[in-house]
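Undergrad: What TrEMBL records for this protein is below:
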COMPBIAS  15-27  compositional bias 'Polar residues'
DOMAIN    160-449  domain 'CDC20/Fizzy WD40'
REGION    1-27  region 'Disordered'
REPEAT    288-329  repeat 'WD'
REPEAT    418-451  repeat 'WD'
Amino acid sequence: MEEDESTTPKKKSDSQLNLPPSMNRPTVSLESRINRLIDSNHYHSPSKPIYSDRFIPSRSGSNFALFDLASSSPNKKDGKEDGAGSYASLLKTALFGPVTPDKSDVVNGFSPSGNIFRFKTETQRSLNLYPPFDSDVVTGVSPSPVKSPRKILRSPYKVLDAPALQDDFYLNLVDWSAQNVLAVGLGNCVYLWNACSSKVTKLCDLGVDETVCSVGWALRGTHLAIGTSSGTVQIWDVLRCKNIRTMEGHRLRVGALAWSSSVLSSGSRDKSILQRDIRTQEDHVSKLKGHKSEICGLKWSSDNRELASGGNDNKLFVWNQHSTQPVLRFCEHAAAVKAIAWSPHHFGLLASGGGTADRCIRFWNTTTNTHLNCVDTNSQVCNLVWSKNVNELVSTHGYSQNQIIVWKYPTMSKLATLTGHSYRVLYLAVSPDGQTIVTGAGDETLRFWNVFPSPKSQSRESEIGALSFGRTTIR
(Lines of atoms letter the chains of each structure in order from A; the text may use other names.)
(Lines give C-alpha, C1' and ligand atoms only; values in the text may rest on other atoms or scores of the structure.)
Protein backbone atom coordinates (compact mmCIF):
# COMPACT_ATOMS: atom_id res chain seq x y z
CA MET A 1 0.00 0.00 0.00
CA GLU A 2 1.42 3.27 -1.01
CA GLU A 3 1.74 6.05 1.50
CA ASP A 4 0.01 9.34 0.91
CA GLU A 5 2.67 12.03 0.16
CA SER A 6 0.56 14.73 1.68
CA THR A 7 0.28 13.00 5.02
CA THR A 8 3.58 11.26 5.33
CA PRO A 9 6.43 13.58 6.50
CA LYS A 10 9.61 13.56 4.50
CA LYS A 11 12.93 12.53 5.98
CA LYS A 12 15.13 15.51 6.55
CA SER A 13 18.42 15.62 4.66
CA ASP A 14 21.67 15.51 6.57
CA SER A 15 22.83 18.48 4.59
CA GLN A 16 20.14 20.75 5.97
CA LEU A 17 20.00 22.58 9.31
CA ASN A 18 17.04 22.54 11.61
CA LEU A 19 16.14 26.26 11.26
CA PRO A 20 12.89 28.11 11.31
CA PRO A 21 11.27 28.46 7.93
CA SER A 22 11.56 32.25 8.06
CA MET A 23 15.36 32.11 7.93
CA ASN A 24 16.64 31.56 4.48
CA ARG A 25 20.11 30.23 5.23
CA PRO A 26 22.22 28.47 2.66
CA THR A 27 22.74 24.79 3.31
CA VAL A 28 26.04 23.77 4.74
CA SER A 29 27.19 20.25 4.06
CA LEU A 30 28.92 18.00 6.56
CA GLU A 31 32.00 18.05 4.40
CA SER A 32 32.06 21.81 4.62
CA ARG A 33 31.84 21.68 8.36
CA ILE A 34 34.82 19.31 8.53
CA ASN A 35 36.88 21.46 6.23
CA ARG A 36 35.98 24.52 8.31
CA LEU A 37 37.26 22.81 11.45
CA ILE A 38 40.47 21.79 9.72
CA ASP A 39 41.06 25.27 8.37
CA SER A 40 39.87 27.05 11.50
CA ASN A 41 43.04 29.11 11.66
CA HIS A 42 42.24 30.65 8.33
CA TYR A 43 38.50 31.03 8.45
CA HIS A 44 36.85 33.98 10.05
CA SER A 45 33.28 34.98 10.34
CA PRO A 46 32.35 37.78 7.95
CA SER A 47 30.81 39.68 10.86
CA LYS A 48 34.14 39.94 12.70
CA PRO A 49 37.03 42.27 11.81
CA ILE A 50 39.86 40.72 9.86
CA TYR A 51 43.36 40.94 11.30
CA SER A 52 46.09 39.76 9.04
CA ASP A 53 49.84 40.12 8.58
CA ARG A 54 49.44 40.38 4.82
CA PHE A 55 49.39 43.60 2.82
CA ILE A 56 46.02 43.88 1.12
CA PRO A 57 46.22 45.92 -2.09
CA SER A 58 43.77 48.79 -2.49
CA ARG A 59 42.71 48.74 -6.12
CA SER A 60 40.46 51.77 -5.75
CA GLY A 61 43.48 54.04 -6.09
CA SER A 62 44.98 52.28 -9.09
CA ASN A 63 44.96 53.67 -12.58
CA PHE A 64 43.70 50.75 -14.63
CA ALA A 65 43.25 52.86 -17.75
CA LEU A 66 47.00 52.93 -18.33
CA PHE A 67 46.99 49.13 -18.80
CA ASP A 68 43.66 48.76 -20.62
CA LEU A 69 42.22 46.92 -17.65
CA ALA A 70 38.60 47.13 -16.68
CA SER A 71 37.94 48.50 -13.25
CA SER A 72 35.42 46.61 -11.13
CA SER A 73 34.58 49.41 -8.80
CA PRO A 74 32.04 48.48 -6.15
CA ASN A 75 31.00 52.12 -5.92
CA LYS A 76 29.31 52.21 -9.30
CA LYS A 77 25.85 50.92 -9.82
CA ASP A 78 24.15 51.12 -13.19
CA GLY A 79 26.75 53.63 -14.43
CA LYS A 80 26.16 56.02 -11.52
CA GLU A 81 28.46 56.72 -8.63
CA ASP A 82 27.11 56.38 -5.14
CA GLY A 83 27.19 59.27 -2.65
CA ALA A 84 30.58 58.36 -1.14
CA GLY A 85 32.22 58.17 -4.55
CA SER A 86 30.82 61.51 -5.61
CA TYR A 87 32.03 63.15 -2.40
CA ALA A 88 35.52 61.69 -2.86
CA SER A 89 35.64 62.97 -6.42
CA LEU A 90 34.55 66.47 -5.38
CA LEU A 91 37.09 66.50 -2.55
CA LYS A 92 39.93 65.55 -4.89
CA THR A 93 38.90 68.28 -7.31
CA ALA A 94 38.79 70.90 -4.53
CA LEU A 95 42.18 69.91 -3.13
CA PHE A 96 44.13 69.28 -6.33
CA GLY A 97 42.11 70.85 -9.12
CA PRO A 98 40.92 69.08 -12.25
CA VAL A 99 42.85 65.91 -13.01
CA THR A 100 45.38 66.63 -15.71
CA PRO A 101 48.38 64.62 -16.89
CA ASP A 102 50.55 66.72 -14.55
CA LYS A 103 48.28 66.12 -11.57
CA SER A 104 47.23 62.52 -12.21
CA ASP A 105 50.14 61.14 -10.21
CA VAL A 106 49.24 63.31 -7.26
CA VAL A 107 45.52 62.55 -7.27
CA ASN A 108 45.78 58.82 -7.86
CA GLY A 109 48.93 58.25 -5.87
CA PHE A 110 50.41 56.42 -8.85
CA SER A 111 53.92 56.57 -10.18
CA PRO A 112 54.48 55.27 -13.75
CA SER A 113 57.77 53.73 -12.70
CA GLY A 114 56.21 51.93 -9.69
CA ASN A 115 53.85 48.98 -9.30
CA ILE A 116 50.29 48.99 -10.55
CA PHE A 117 48.93 48.40 -7.05
CA ARG A 118 49.36 50.70 -4.11
CA PHE A 119 49.44 49.13 -0.66
CA LYS A 120 47.50 50.62 2.23
CA THR A 121 50.61 50.90 4.36
CA GLU A 122 52.40 53.04 1.73
CA THR A 123 53.68 56.32 3.12
CA GLN A 124 51.51 59.11 1.72
CA ARG A 125 52.93 62.40 0.54
CA SER A 126 51.79 65.29 2.66
CA LEU A 127 48.90 67.24 1.19
CA ASN A 128 50.59 70.41 2.43
CA LEU A 129 53.09 70.05 -0.40
CA TYR A 130 50.45 71.03 -2.91
CA PRO A 131 48.60 74.35 -3.12
CA PRO A 132 44.93 73.92 -2.20
CA PHE A 133 41.88 75.22 -3.97
CA ASP A 134 43.38 75.88 -7.38
CA SER A 135 45.97 78.26 -5.99
CA ASP A 136 48.54 79.61 -8.42
CA VAL A 137 51.18 79.89 -5.70
CA VAL A 138 54.42 78.12 -6.54
CA THR A 139 55.01 75.06 -4.39
CA GLY A 140 57.27 75.78 -1.44
CA VAL A 141 56.98 79.57 -1.72
CA SER A 142 54.81 81.37 0.77
CA PRO A 143 52.64 84.05 -0.85
CA SER A 144 53.52 87.61 0.07
CA PRO A 145 50.72 90.02 0.75
CA VAL A 146 50.11 92.68 -1.86
CA LYS A 147 51.46 95.97 -0.55
CA SER A 148 49.41 99.05 -1.16
CA PRO A 149 51.33 102.08 -2.46
CA ARG A 150 52.78 104.24 0.30
CA LYS A 151 50.82 107.43 0.80
CA ILE A 152 52.90 110.60 0.65
CA LEU A 153 51.34 113.81 1.84
CA ARG A 154 51.15 116.33 -0.99
CA SER A 155 51.49 119.36 1.28
CA PRO A 156 54.27 120.41 3.68
CA TYR A 157 53.63 119.96 7.38
CA LYS A 158 55.69 123.06 8.26
CA VAL A 159 56.64 126.27 6.49
CA LEU A 160 59.31 128.67 7.75
CA ASP A 161 59.98 132.17 6.55
CA ALA A 162 63.49 132.60 5.16
CA PRO A 163 63.92 136.27 4.23
CA ALA A 164 66.87 137.07 1.96
CA LEU A 165 67.23 133.43 0.82
CA GLN A 166 68.99 133.95 -2.51
CA ASP A 167 67.54 132.79 -5.80
CA ASP A 168 70.90 131.64 -7.21
CA PHE A 169 71.23 128.23 -8.90
CA TYR A 170 74.97 127.94 -8.15
CA LEU A 171 74.76 128.30 -4.35
CA ASN A 172 74.14 125.71 -1.61
CA LEU A 173 72.63 127.48 1.37
CA VAL A 174 70.79 124.74 3.35
CA ASP A 175 72.17 121.71 5.24
CA TRP A 176 70.85 119.44 8.01
CA SER A 177 73.20 118.07 10.67
CA ALA A 178 73.40 114.69 12.40
CA GLN A 179 72.42 116.57 15.59
CA ASN A 180 69.07 117.52 14.02
CA VAL A 181 69.98 121.17 13.48
CA LEU A 182 69.26 122.99 10.25
CA ALA A 183 71.76 125.58 8.98
CA VAL A 184 70.55 128.25 6.55
CA GLY A 185 72.48 131.04 4.88
CA LEU A 186 70.39 134.18 4.61
CA GLY A 187 72.18 137.11 3.01
CA ASN A 188 75.32 137.76 5.09
CA CYS A 189 74.13 135.72 8.11
CA VAL A 190 73.87 132.06 9.05
CA TYR A 191 70.97 130.88 11.22
CA LEU A 192 70.54 127.58 13.05
CA TRP A 193 67.10 126.03 13.57
CA ASN A 194 66.88 123.23 16.13
CA ALA A 195 64.34 120.70 14.85
CA CYS A 196 63.70 119.29 18.33
CA SER A 197 62.98 122.56 20.10
CA SER A 198 62.22 124.85 17.12
CA LYS A 199 64.72 127.29 18.61
CA VAL A 200 66.39 129.70 16.18
CA THR A 201 69.99 130.84 16.77
CA LYS A 202 71.93 133.41 14.79
CA LEU A 203 75.37 131.84 14.36
CA CYS A 204 77.26 134.63 12.56
CA ASP A 205 77.10 137.83 10.57
CA LEU A 206 79.75 138.25 7.87
CA GLY A 207 79.23 141.99 7.47
CA VAL A 208 77.86 144.19 4.74
CA ASP A 209 80.69 143.47 2.31
CA GLU A 210 80.34 139.69 2.29
CA THR A 211 77.58 137.16 1.75
CA VAL A 212 77.11 133.50 2.53
CA CYS A 213 77.44 131.26 -0.57
CA SER A 214 77.43 127.76 0.94
CA VAL A 215 77.07 125.88 4.23
CA GLY A 216 78.10 122.33 5.09
CA TRP A 217 77.99 120.31 8.31
CA ALA A 218 80.83 118.06 9.42
CA LEU A 219 79.80 114.42 9.78
CA ARG A 220 79.34 114.58 13.55
CA GLY A 221 77.26 117.72 13.35
CA THR A 222 79.28 119.83 15.78
CA HIS A 223 81.17 121.98 13.26
CA LEU A 224 79.86 123.98 10.34
CA ALA A 225 81.80 125.13 7.27
CA ILE A 226 80.75 128.39 5.61
CA GLY A 227 81.80 129.41 2.10
CA THR A 228 81.86 133.13 1.47
CA SER A 229 81.62 135.47 -1.49
CA SER A 230 85.24 136.57 -0.95
CA GLY A 231 86.62 133.04 -1.45
CA THR A 232 87.34 132.17 2.19
CA VAL A 233 86.06 129.17 4.12
CA GLN A 234 85.23 129.52 7.80
CA ILE A 235 84.93 126.66 10.33
CA TRP A 236 82.55 127.30 13.23
CA ASP A 237 82.12 125.45 16.50
CA VAL A 238 78.33 125.61 16.85
CA LEU A 239 78.31 124.56 20.50
CA ARG A 240 80.34 127.62 21.41
CA CYS A 241 79.13 129.74 18.47
CA LYS A 242 82.76 130.53 17.71
CA ASN A 243 84.76 130.80 14.50
CA ILE A 244 87.75 128.52 15.10
CA ARG A 245 89.41 128.86 11.69
CA THR A 246 89.36 130.82 8.43
CA MET A 247 91.05 129.28 5.38
CA GLU A 248 92.19 131.03 2.22
CA GLY A 249 92.95 129.64 -1.22
CA HIS A 250 90.13 130.60 -3.58
CA ARG A 251 90.07 133.84 -5.51
CA LEU A 252 86.28 133.90 -6.05
CA ARG A 253 83.16 132.81 -4.21
CA VAL A 254 82.88 129.34 -2.72
CA GLY A 255 79.52 127.89 -3.76
CA ALA A 256 80.01 124.19 -2.91
CA LEU A 257 81.28 122.32 0.17
CA ALA A 258 81.61 118.61 0.98
CA TRP A 259 82.98 116.83 4.07
CA SER A 260 84.84 113.52 4.22
CA SER A 261 85.83 112.75 7.80
CA SER A 262 88.45 115.41 8.60
CA VAL A 263 88.85 116.51 4.96
CA LEU A 264 86.79 119.41 3.64
CA SER A 265 86.45 119.94 -0.11
CA SER A 266 85.51 123.38 -1.43
CA GLY A 267 84.50 124.31 -4.96
CA SER A 268 84.72 127.83 -6.32
CA ARG A 269 83.86 130.08 -9.20
CA ASP A 270 87.60 130.13 -9.90
CA LYS A 271 87.10 126.59 -11.43
CA SER A 272 89.18 124.82 -8.79
CA ILE A 273 88.52 122.38 -5.93
CA LEU A 274 90.65 122.60 -2.78
CA GLN A 275 91.16 119.66 -0.43
CA ARG A 276 91.55 120.90 3.14
CA ASP A 277 92.64 118.73 6.06
CA ILE A 278 91.54 120.65 9.13
CA ARG A 279 94.08 118.75 11.27
CA THR A 280 96.98 120.46 9.48
CA GLN A 281 98.05 124.08 9.57
CA GLU A 282 98.01 124.47 5.78
CA ASP A 283 94.94 126.00 4.23
CA HIS A 284 94.75 123.17 1.70
CA VAL A 285 96.70 119.97 1.00
CA SER A 286 95.88 119.61 -2.71
CA LYS A 287 94.24 121.43 -5.58
CA LEU A 288 92.02 119.68 -8.14
CA LYS A 289 91.83 121.22 -11.60
CA GLY A 290 89.78 120.05 -14.56
CA HIS A 291 86.59 122.08 -14.77
CA LYS A 292 86.39 124.98 -17.20
CA SER A 293 83.72 126.92 -15.30
CA GLU A 294 82.29 127.44 -11.80
CA ILE A 295 81.97 124.43 -9.49
CA CYS A 296 78.36 124.19 -8.31
CA GLY A 297 78.07 120.60 -7.05
CA LEU A 298 80.30 118.51 -4.73
CA LYS A 299 79.55 115.16 -3.07
CA TRP A 300 81.71 112.49 -1.41
CA SER A 301 80.67 108.86 -1.74
CA SER A 302 79.40 107.09 1.37
CA ASP A 303 82.70 105.22 1.75
CA ASN A 304 84.69 108.49 1.39
CA ARG A 305 86.76 107.08 -1.47
CA GLU A 306 85.41 109.09 -4.40
CA LEU A 307 84.47 112.73 -4.85
CA ALA A 308 82.00 113.76 -7.56
CA SER A 309 82.02 117.32 -8.86
CA GLY A 310 79.67 119.14 -11.22
CA GLY A 311 80.28 122.44 -12.96
CA ASN A 312 78.78 125.09 -15.12
CA ASP A 313 80.81 123.60 -17.97
CA ASN A 314 78.19 120.78 -18.14
CA LYS A 315 80.75 118.24 -16.93
CA LEU A 316 80.59 115.63 -14.18
CA PHE A 317 83.96 114.48 -12.83
CA VAL A 318 84.93 111.79 -10.34
CA TRP A 319 88.12 112.03 -8.28
CA ASN A 320 89.76 109.63 -5.86
CA GLN A 321 91.43 110.48 -2.56
CA HIS A 322 94.87 111.07 -4.07
CA SER A 323 94.26 112.30 -7.61
CA THR A 324 94.67 115.88 -8.78
CA GLN A 325 93.13 115.05 -12.15
CA PRO A 326 89.68 113.45 -12.60
CA VAL A 327 89.74 109.68 -12.92
CA LEU A 328 86.33 109.66 -14.64
CA ARG A 329 84.83 112.26 -16.95
CA PHE A 330 81.16 112.27 -17.91
CA CYS A 331 80.18 114.79 -20.57
CA GLU A 332 76.65 113.75 -21.55
CA HIS A 333 74.81 116.58 -19.79
CA ALA A 334 73.82 119.62 -21.88
CA ALA A 335 73.65 122.13 -19.00
CA ALA A 336 75.23 122.92 -15.63
CA VAL A 337 75.48 119.96 -13.24
CA LYS A 338 74.58 121.00 -9.71
CA ALA A 339 72.47 117.99 -8.61
CA ILE A 340 74.75 115.11 -7.51
CA ALA A 341 73.93 112.15 -5.25
CA TRP A 342 75.67 108.87 -4.39
CA SER A 343 73.48 105.87 -3.70
CA PRO A 344 73.83 104.46 -0.17
CA HIS A 345 72.43 101.13 -1.40
CA HIS A 346 74.64 100.31 -4.40
CA PHE A 347 78.41 100.73 -4.44
CA GLY A 348 79.58 103.08 -7.20
CA LEU A 349 76.09 104.20 -8.26
CA LEU A 350 76.03 107.94 -8.93
CA ALA A 351 73.09 110.12 -9.97
CA SER A 352 73.39 113.57 -11.55
CA GLY A 353 70.98 116.15 -12.90
CA GLY A 354 71.34 118.85 -15.51
CA GLY A 355 70.08 122.41 -15.73
CA THR A 356 67.47 124.10 -17.90
CA ALA A 357 68.92 123.10 -21.28
CA ASP A 358 69.34 119.47 -20.16
CA ARG A 359 66.53 118.60 -17.69
CA CYS A 360 67.74 115.00 -17.37
CA ILE A 361 68.66 112.74 -14.45
CA ARG A 362 71.45 110.37 -15.39
CA PHE A 363 72.83 107.33 -13.58
CA TRP A 364 76.42 106.15 -13.70
CA ASN A 365 78.39 103.12 -12.56
CA THR A 366 81.72 104.54 -11.47
CA THR A 367 83.27 101.10 -10.96
CA THR A 368 82.82 100.21 -14.64
CA ASN A 369 82.74 103.76 -16.07
CA THR A 370 79.37 103.19 -17.71
CA HIS A 371 76.26 105.28 -18.28
CA LEU A 372 73.29 103.31 -16.93
CA ASN A 373 70.16 105.32 -17.59
CA CYS A 374 68.72 108.71 -18.48
CA VAL A 375 65.35 110.13 -17.43
CA ASP A 376 63.98 113.33 -18.95
CA THR A 377 62.18 115.28 -16.20
CA ASN A 378 61.00 118.11 -18.48
CA SER A 379 62.28 120.62 -15.93
CA GLN A 380 65.55 122.07 -14.64
CA VAL A 381 67.09 119.64 -12.09
CA CYS A 382 68.35 121.59 -9.07
CA ASN A 383 69.01 118.90 -6.43
CA LEU A 384 69.12 115.15 -5.91
CA VAL A 385 69.21 113.09 -2.73
CA TRP A 386 68.84 109.37 -2.00
CA SER A 387 66.83 107.93 0.85
CA LYS A 388 68.98 105.95 3.27
CA ASN A 389 65.94 103.91 4.37
CA VAL A 390 64.59 102.70 1.02
CA ASN A 391 65.83 102.57 -2.55
CA GLU A 392 64.24 105.86 -3.58
CA LEU A 393 65.44 109.36 -4.38
CA VAL A 394 64.08 112.90 -4.49
CA SER A 395 64.69 115.54 -7.11
CA THR A 396 63.85 119.24 -6.92
CA HIS A 397 63.21 121.33 -9.97
CA GLY A 398 63.16 124.84 -11.31
CA TYR A 399 61.99 126.10 -14.66
CA SER A 400 59.29 125.62 -15.40
CA GLN A 401 57.28 123.65 -12.86
CA ASN A 402 59.13 124.23 -9.54
CA GLN A 403 58.12 120.75 -8.35
CA ILE A 404 59.55 118.07 -6.04
CA ILE A 405 59.45 114.46 -7.28
CA VAL A 406 59.88 111.22 -5.31
CA TRP A 407 61.22 108.43 -7.52
CA LYS A 408 61.38 104.66 -7.11
CA TYR A 409 64.72 103.22 -8.21
CA PRO A 410 65.57 101.51 -10.54
CA THR A 411 62.21 101.72 -12.32
CA MET A 412 62.21 105.53 -11.93
CA SER A 413 58.46 105.51 -11.50
CA LYS A 414 57.05 108.59 -9.81
CA LEU A 415 55.77 107.95 -6.31
CA ALA A 416 54.69 111.55 -5.72
CA THR A 417 54.93 115.02 -7.20
CA LEU A 418 54.89 117.81 -4.61
CA THR A 419 54.19 121.44 -5.37
CA GLY A 420 53.93 124.59 -3.30
CA HIS A 421 57.00 126.71 -4.06
CA SER A 422 56.39 129.63 -6.38
CA TYR A 423 60.09 129.87 -7.35
CA ARG A 424 62.53 127.19 -8.45
CA VAL A 425 63.42 124.78 -5.65
CA LEU A 426 67.17 125.43 -5.36
CA TYR A 427 67.93 123.94 -1.93
CA LEU A 428 67.38 120.51 -0.44
CA ALA A 429 68.44 118.65 2.72
CA VAL A 430 67.39 115.46 4.54
CA SER A 431 66.74 114.96 8.26
CA PRO A 432 69.11 112.65 10.16
CA ASP A 433 66.43 109.94 10.49
CA GLY A 434 65.96 109.95 6.72
CA GLN A 435 62.21 110.55 6.76
CA THR A 436 61.85 114.29 6.23
CA ILE A 437 63.21 116.63 3.59
CA VAL A 438 63.39 120.42 3.68
CA THR A 439 63.29 122.48 0.52
CA GLY A 440 64.16 126.12 -0.02
CA ALA A 441 63.38 128.46 -2.87
CA GLY A 442 63.63 132.02 -4.03
CA ASP A 443 60.15 132.60 -2.66
CA GLU A 444 61.99 132.94 0.68
CA THR A 445 60.35 129.94 2.34
CA LEU A 446 61.57 126.64 3.78
CA ARG A 447 59.08 123.80 3.47
CA PHE A 448 59.21 120.49 5.35
CA TRP A 449 57.82 117.32 3.77
CA ASN A 450 57.42 113.76 5.03
CA VAL A 451 58.38 111.68 1.99
CA PHE A 452 60.34 108.61 3.11
CA PRO A 453 59.33 105.76 5.43
CA SER A 454 60.99 105.24 8.78
CA PRO A 455 64.06 103.00 9.00
CA LYS A 456 63.56 99.39 10.09
CA SER A 457 65.22 100.07 13.42
CA GLN A 458 65.65 103.41 15.14
CA SER A 459 67.19 104.39 18.40
CA ARG A 460 64.99 106.03 20.98
CA GLU A 461 66.83 109.28 20.49
CA SER A 462 65.98 109.53 16.82
CA GLU A 463 62.36 108.68 17.57
CA ILE A 464 62.21 111.50 20.08
CA GLY A 465 63.75 113.89 17.57
CA ALA A 466 61.24 112.92 14.89
CA LEU A 467 58.30 113.26 17.24
CA SER A 468 59.48 116.66 18.37
CA PHE A 469 58.68 118.25 15.01
CA GLY A 470 55.70 120.51 15.32
CA ARG A 471 53.04 119.68 12.76
CA THR A 472 51.73 123.24 12.64
CA THR A 473 52.41 125.94 10.11
CA ILE A 474 54.29 128.76 11.79
CA ARG A 475 54.31 131.35 8.99
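Glycine is no exception: its Cβ is also placed from the backbone N, Cα and C atoms.
Situate these features within the shown structure.
TA: Taken as a whole, the domain 'CDC20/Fizzy WD40' (160-449) shows an average pLDDT of 96 in this prediction.
Helix, strand and coil counts under DSSP for the repeat 'WD' (288-329) come to 0 helix, 21 strand, 21 coil.
Beyond the ends of the repeat 'WD' (418-451), by six or more residues, the same chain brings 152-169, 171-180, 182, 184, 195, 221, 380, 382-385, 387-389, 394, 396-399, 401-406, 458, 462, 465-466, 469, 475 to within a C-beta distance below 8 angstroms of the stretch.
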Undergrad: For the repeat 'WD' (288-329), could you work out the same-chain residues 6 or more beyond its ends whose Cβ comes under 8 Å from its Cβ atoms?
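TA: Result: 169-170, 172, 252, 255-261, 265-269, 271-275, 335-342, 344, 347-348, 350, 352, 354, 358, 364, 366, 369.
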Undergrad: With DSSP, how much of the repeat 'WD' (418-451) is helix, how much strand and how much coil, in residues?
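TA: Reading the DSSP string over the repeat 'WD' (418-451) gives 0 helix, 19 strand, 15 coil.
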